[in-house]
Each structure stands twice: as structure tokens, then as C-alpha cells.
Amino acid sequence: MAAHFAFFTITTTLLIAVAVAEIRSTQIRSDSRSTIPFDEFGYTHIGRLNLTVTDISFFNQKTPLSQLGFFLCTLDAWVHVLEQLQEGEIHCPLESNLIKKVFTFDQLQPSAHEFSTSFIVSDANQFTLAFANCMPNLEVSMNVHSAMYNFNPKTGQLDFLSAGKTALPVIYLLFFIVYVLLGAVWIYTLYRKRLTVYKVHFFMLAVLILKALDLLCEAEDKSYIKRTGTAHGWDVLFYIFSFLKGITLFTLIVLIGTGWSFVKPYLQDKEKKVLMIVIPLQVVANVAQVVIDETGPFGESSYTWKQVFLLVDIVCCCAVLFPIMWSIKNLREAAKTDGKAAVNLMKLTLFRQYYIIVVCYIYFTRVVVYAFETITSYRYHWTSVVAAESATLALYVFTGYNFRPKVHNPYFAIDDEEEEAASEVLKLEDEFEL
């Protein structure tokens, strides 16, 4: 049961984040867990695992060494291995015929404290590299260096990205090109409508630029990992621009939700408080993401940081909705008192649409994409990235189009001929349910 809990707790949390395998080094110190997972990788028909373990030590010299070792296992196979353990058919995962035994410690040379092995994987599937310790309370220490990759016999190249993630560099590069084109269109729009441009429009341009740079760095990051197994410093730039992009995007949603620079040149105290909540939480979320990526999907602190990331992300998503709701409420109240029914109806409609779009974006990227990844074959995990990036692109396009600079801005356009009709609509429409 301990093995069941350890493996499935970490396997479940793994699905929360998009992780890619690479050359990874892990230190294990006085660990008594019955199952220690290290990394996960989607293999094609020609794959390989290179495993080097050094500084092996454990405190019971009478331990049967065949009860300690590394193995590869799929998630489906692990379910049946647990059934075998519960029914008493086997006493150690290493005894199961459902796993791929990579190396057991009885193969160690006498008095040796290290080994290096290469294991060929000919089955196309997603495997998890794990260590089995079938001796209760035995503490094991070691340094584990693993490299999992696929081999292309036609080109002779190694691919260190999982089978379902090997297309990511191209995907991110294509989205980068799209955002560059959007940025060019937006700059042209700002130039043409420069007499009606507000500060928030320049902020939108900054968000576009940061998003494009984030995608470029992520494309380069994944490209280097694909070829060499390491990021070569591109991950640092990716983290920086990802951090800036996250903060500016949430800030932009709050600013548009409050009507800043469109309706008023200032922020109210409660709106400033929302920003003071969102920005520090985004800092925490980005720190959590860095820790998760750098420690690997099965790092000792990964589970905790993933929970922190999810909690902070949910709080941020909820916080940015409040200014939009406040604006909708204020517009409904203003519609009854200022005698400008038409313009208030247009404002109200626009804020309602924006509220719905933001809610849909949050739900899709946080729930639907996660569910999509869990039910999709490991070979098609790239589709969840496309879905998430497409949803983000749709949000950017909707925001830019509806809040673009124009002479007759929806916030200010007043049609006297429709004033009376708008007044009737505001009186008759049902209360908008937030």
C-alpha cells in the first residue's frame, strides 16, 4: 500500500504540469520509500535509457541485494503489479513479469558502490523509471544520473524529448510568429489611431511583446533539450519572460476590468488592493513553477510546490474577476441615474462579454486542458499545448479587437436615436448572474 500511495500520488500530480524528460541528476539521501520514481518518458520503437548510479550506500549489509533495483513500468502495468502484491503472488515489484528490470544490486561487483548501464527499450509506450526498495525501513543513499531518449535510425540523431513532446519546439515557434504578426498589426493600429490611443493600449503592446519573447525562449529551450538533453541557459530566459508575461497579463485583465484609462485615469483603493494581491501571488506561482521544472516531476518537494502553484493560480484567477464584476455593477447603477442609457448599455454588454471570455479562458486552460491531457495518448500530449496556446491567443485577439483605439469607442459612443430603446432594454432585462 505504501508503494501504491507513493506512485499514484506523484503520478497524479505529474499530470498537472507539462513536463519533458531530459538528462537528469538526482540525489537520494537516507530514503526508505518502497518505490522512488525518478522520471517519465514516452518511447518510440527505438529508445534507450542510460543509467549511472554512484555513491551507493545502505546501512544493512545483510540485505538481499536482489530486493533493490531499478525498473521501467507503465502506469497501466503498475496497477496490475499492485494487484499482484496485494494478492501475494509477488513480494517485490522486481519479481513481476509486467515490469522491465533495468538493474538490480545483486549485479554489483564485489565492494562496488557504483554502476553504469544502458537499457534498450523496444516497446512504444510511456515508461516511468523507478527504484524498488523491498526491505522495510532500509535507508538507501545514492546519486542517480539518468538519460532517456529516442533514436532516429534515418538521421542518426538522438531525441531527448518524450514522444508526445518532440513537436513542441516547432509549435512554440509557430505561435511566436503569430504573436509577432499580431504585434506588428497592433503597432500599425496604434500609429493610425494615435489620437485616440490610451495608456492601456501601450500596456497591451507590452503584454504582446513579452508573450512573443516567452514563446521564443520556450521554443529554444525545448529545441536544445531535444538535441542535447539540457537547456543550456535558455530555461533562465524562459523563466524570466514567463514571469513577466504572467504578471502583465493578469494586470492587464484587472486594468481593463476596472476601465482604467478608458473610463477613468485612476484606480480606486479596492482595485489597487486586487493588484497588490495578484502581483505577489504571481511571483509565488512563478517560483513554484521554477522549482517544479528544476527538481523534476518526482522531486521530493515537487508535490508540495505543485499544490502551492495550483492554489496560487486559482486565487489569481478568481481575484482578476472581481474588478470586472464591480464595473458591471457600477454600470447598472449608473444606467438608472445618469440618463445615458445607450452608452451604458454598450459598456455593460462589453463588460459582460469580457467577463464571460475571461471565465471561459480560465476554465478551459485550468480544467479542460488538464482533462484533455489525462485522456490523450502519450504520443499526442502536444495537442494539450496547442489547445492551451490557442485559448490564450483567442483571449489576446478578443481583448485587442474589442478594446482597440477608435474614434467612437464603445465607452463613449452615444446614439441619441437609440437612447429610448436602450432605456427600455435596461429596464426589462433580467439581472445578470455573475
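Cβ from N, Cα, C; glycine included.
Among the features that TrEMBL reports, signal peptide is placed at 1-21.
The average pLDDT the prediction assigns to the domain 'CAND6/7 N-terminal' (25-150) is 90. For 25-150, the entry in TrEMBL reads domain 'CAND6/7 N-terminal'.
Per TrEMBL, transmembrane segment is recorded for 170-191 (among others).
For 170-409, the entry in TrEMBL reads domain 'GOST seven transmembrane'.
According to TrEMBL, the transmembrane segment annotation covers 198-216 (among others).
TrEMBL lists 236-262 (among others) with the feature transmembrane segment.
Residues 13, 16-17, 250, 253-254, 257-258, 270-271, 274, 277-278, 281-282, 284-285, 288-289, 291-292, 295, 351, 354-355, 358-359, 362, 366, 434 of the same chain sit 6 or more residues outside the transmembrane segment (304-326) yet have a Cβ under 8 Å from a Cβ within it. As annotated by TrEMBL, transmembrane segment applies to 304-326 (among others).
Annotation comment: TrEMBL describes 354-372 (among others) as transmembrane segment. For the transmembrane segment (354-372), the list of distant contacts is 15-16, 253, 256-257, 313-314, 317, 320-321, 324-325, 328, 383-384, 387-388, 391-392, 394-395, 398-399, 402, 434: same-chain residues at least six beyond its ends, Cβ to Cβ under 8 Å.
Per TrEMBL, transmembrane segment is recorded for 378-398 (among others). Within the chain, the transmembrane segment (378-398) has long-range Cβ neighbours (under 8 A, six or more residues past its boundaries) at 18, 42, 125-126, 162-168, 171-172, 175, 178-179, 182, 207-208, 211, 215, 354, 357-358, 361, 364-365, 368-369, 372.
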Within the domain 'CAND6/7 N-terminal' (25-150), residues counted as helix, strand or coil by DSSP:
21 helix, 64 strand, 41 coil
Under 8 Å between C-beta atoms and at least six residues away from its ends: which parts of the chain pack against the transmembrane segment (170-191)?
197, 201-202, 204-205, 208-209, 211-212, 215-216, 218-219, 222, 382, 385-386, 389, 393, 396-397, 400, 404-405
